[in-house]
Amino acid sequence: MEPGGARLRLQRTEGPGGEREHQPCRDGNTETHRAPDLVKWTRHMEAVKAQLLEQAQGQLRELLDRAMWEAIQSYPSQDKPPPLPPPDSLSRTQEPSLGKQKVFIIRKSLLDELMEVQHFRTIYHMFIAGLCVFIISTLAIDFIDEGRLLLEFDLLIFSFGQLPLALVTWVPMFLSTLLAPYQALRLWARPGARGTWTLGAGLGCALLAAHALVLCALPVHVAVEHQLPPASRCVLVFEQVRFLMKSYSFLREAVPGTLRARRGEGIQAPSFSSYLYFLFCPTLIYRETYPRTPYIRWNYVAKNFAQALGCVLYACFILGRLCVPVFANMSREPFSTRALVLSILHATLPGIFMLLLIFFAFLHCWLNAFAEMLRFGDRMFYRDWWNSTSFSNYYRTWNVVVHDWLYSYVYQDGLWLLGAQARGVAMLGVFLVSAVAHEYIFCFVLGFFYPVMLILFLVIGGMLNFMMHDQHTGPAWNVLMWTMLFLGQGIQVSLYCQEWYARRHCPLPQTTFWGLVTPRSWSCHT
């Protein structure tokens, strides 16, 4: 037996040339020259493990701190919580308890996280390169046809015509939304005798009726009377719908607590500053407080506004190069099924481009810019809708801001009113409200009624929502979802462009109701 227990012996191995050579090795399975490397690698992996655990604990601690802070902020200011009502005393003035409530936390938008990955930034660079190609092609065509290098923005200038008038119209809309709902809430919350309170409540309802009249009638009157172009109409209709949804959310969230406060349950009325902040922050769900970021990154704000402007220019180039030359004279040619099908297929590419540009410009750039200026912490305005394998998931993740409003005030309140068994009816109600709102926006912006969006959203979209449900997974379903999106966008762009030019080539000799609601592109082929 040799001392030390580690005998050094010679081991014969074959070299590359078949020769045998002697190598020293110790007892065991690990070679001497590999042992230090293995120890270093083990220590490195242990350090990585400790670092990951520390980061995960920090994030979890931050999440729990934020949740606890929100719970403290929402706790009543009295020394003891308000008494719980008995189970049989639930009234319509109390909030429904069905479903989950929206919780706001500090988080970044998904695209901001993906932009940190170089591979995804390359896709972003490809879209910028596409814009450069459109600019180069426009310059080249103008130089060949007219012998000059000049970018013309006729379509952009036409679309945003009379924008100052739209901005002036926005002022009374905003003031009505700022003053009427809050003053109505104060009148309802005022203590006093029953007769005095009834008079104040009636005055509050009159204020809300005047507010609704201003929001519904004023923008429509200005748009029709002054023949505003599409982009200026967009400003009015988006603000009209936004103010209506925010007013409803404020009243829906604040009225139950206000009525309980009148009964002496110790609940404070909402502050005017919180309501003013809510009117500008990028959410449609009212809360007294929201998680806030510590500072404002003005370079991030400028970057998002610049990207939104770039998307507007991109959309103008797409319409001017891919849509206007195809559809401008289509109504002057004889109708044929072949021409209609080819026009729809031709419009799929510009249609999906327009969808992506609207998503990126509004749901990412515009909302993030305002969120940053207001230090609004929750930036989850959308989720990964592009990975959806069902249309039900696509509808939930495409526009989280609007989905939260529909879920809270249409679906959940529908279940509260009709019972938990009426989930199908509540879901149909969500589709009906959303489809009518989308069709109204299209009708307002384009200046004519052509229910393409209503049929696609309510009928086709509703069927696909139940047929392509969440149980379908896998890449094939994602491909099918994208195929349906391509075709749907092609149908919208093709039919709406045909109707736009048909109403200009074939004006009505006499304005009638049926002439206004009947598609002109079906009969205008001169």
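Note that Cβ sites are derived from N, Cα and C of the backbone, with glycine treated the same way.
Per Swiss-Prot, the feature active site maps to H438. Its own atom aside, the Cβ of H438 (active site) has 16 Cβ atoms within 10 angstroms in the protein chains shown.
Under the heading acyl-CoA binding site, Swiss-Prot lists N393, R396, N399, H403, Y411, S434, citing similarity to another entry as support. Under 8 Å, Cβ to Cβ, and six or more positions away along its own chain, R396 (acyl-CoA binding site) finds R383, H403.
The compositional bias 'Basic and acidic residues' annotation in Swiss-Prot covers 17-37.
Marked as compositional bias 'Pro residues' by Swiss-Prot: 79-88.
For C281 (ubiquitin cross-link), the same-chain residues 6+ apart in sequence whose C-beta sits under 8 angstroms from its C-beta are Y290, F370, A371, L374, F376. According to Swiss-Prot, the feature ubiquitin cross-link maps to C281, an assignment based on similarity to another entry.
If you look up Swiss-Prot, you'll see C281 marked as cysteine sulfenic acid (-SOH).
Taken from Swiss-Prot, the feature topological domain 'Cytoplasmic' covers 1-120 (among others).
The topological domain 'Lumenal' annotation in Swiss-Prot covers 143-162 (among others). When the topological domain 'Lumenal' (143-162) is classified with DSSP, helix, strand and coil residues number 10 helix, 0 strand, 10 coil.
Marked as topological domain 'Cytoplasmic' by Swiss-Prot: 189-200 (among others).
Annotation comment: Swiss-Prot describes 225-232 (among others) as topological domain 'Lumenal', evidence class a curator's inference. In terms of DSSP helix, strand and coil, the topological domain 'Lumenal' (225-232) has 4 helix, 0 strand, 4 coil.
Per-residue confidence over the topological domain 'Cytoplasmic' (257-297) averages 84 (mean pLDDT, predicted model). As annotated by Swiss-Prot, topological domain 'Cytoplasmic' applies to 257-297 (among others), with the evidence given as a curator's inference.
Taken from Swiss-Prot, the feature topological domain 'Lumenal' applies to 331-347 (among others).
According to Swiss-Prot, the feature topological domain 'Cytoplasmic' maps to 374-421 (among others).
Swiss-Prot lists 447-452 (among others) with the feature topological domain 'Lumenal', giving a curator's inference as the kind of evidence.
Look at Swiss-Prot and you will find 469-474 (among others) tagged as topological domain 'Cytoplasmic'. Away from its own ends, the topological domain 'Cytoplasmic' (469-474) comes close to residues 389-390, 392-393 of its chain (Cβ-Cβ under 8 Å, at least six residues beyond either end).
Swiss-Prot lists 507-526 (among others) with the feature topological domain 'Lumenal'. Remote same-chain partners of the topological domain 'Lumenal' (507-526), defined as residues 6 or more beyond its termini with a Cβ less than 8 Å from a stretch Cβ, comprise 331-335, 448-450, 495, 498-499.
Residues 223, 227, 230, 233, 439, 491-492, 495-496, 499-500, 503, 516-517, 519-520 of the same chain lie 6 or more positions beyond the ends of the topological domain 'Lumenal' (447-452) yet place their CB under 8 Å from a CB of it. With a cut-off of 8 Å between Cβ atoms, the residues of this chain six or more beyond the transmembrane segment (233-256) that come close are 93-95, 163, 166-167, 169-170, 173-174, 176-177, 180-182, 184-185, 188, 208, 211-212, 215-216, 219, 222-223, 269-270, 275, 278-279, 284-287, 405, 408-409, 413, 437, 440-441, 444-445, 447. The highest tally of CB pairs under 8 A with the transmembrane segment (298-330), across 121-142, 201-224, 348-373, 422-446, 475-506, is held by 348-373. Count of Cβ pairs under 8 Å against the transmembrane segment (201-224): among 348-373, 422-446, 453-468, the largest is for 422-446. In terms of local Cβ density within 10 Å, N393 ranks first among the binding-site residues N393, N399, H403, Y411, S434. Here the C-alpha separation of Y411 (acyl-CoA binding site) and H438 (active site) works out to 18 Å. Residues 135, 226, 228-232, 312-313, 316, 319-320, 324 of the same chain lie 6 or more positions beyond the ends of the topological domain 'Lumenal' (143-162) yet place their CB under 8 Å from a CB of it.
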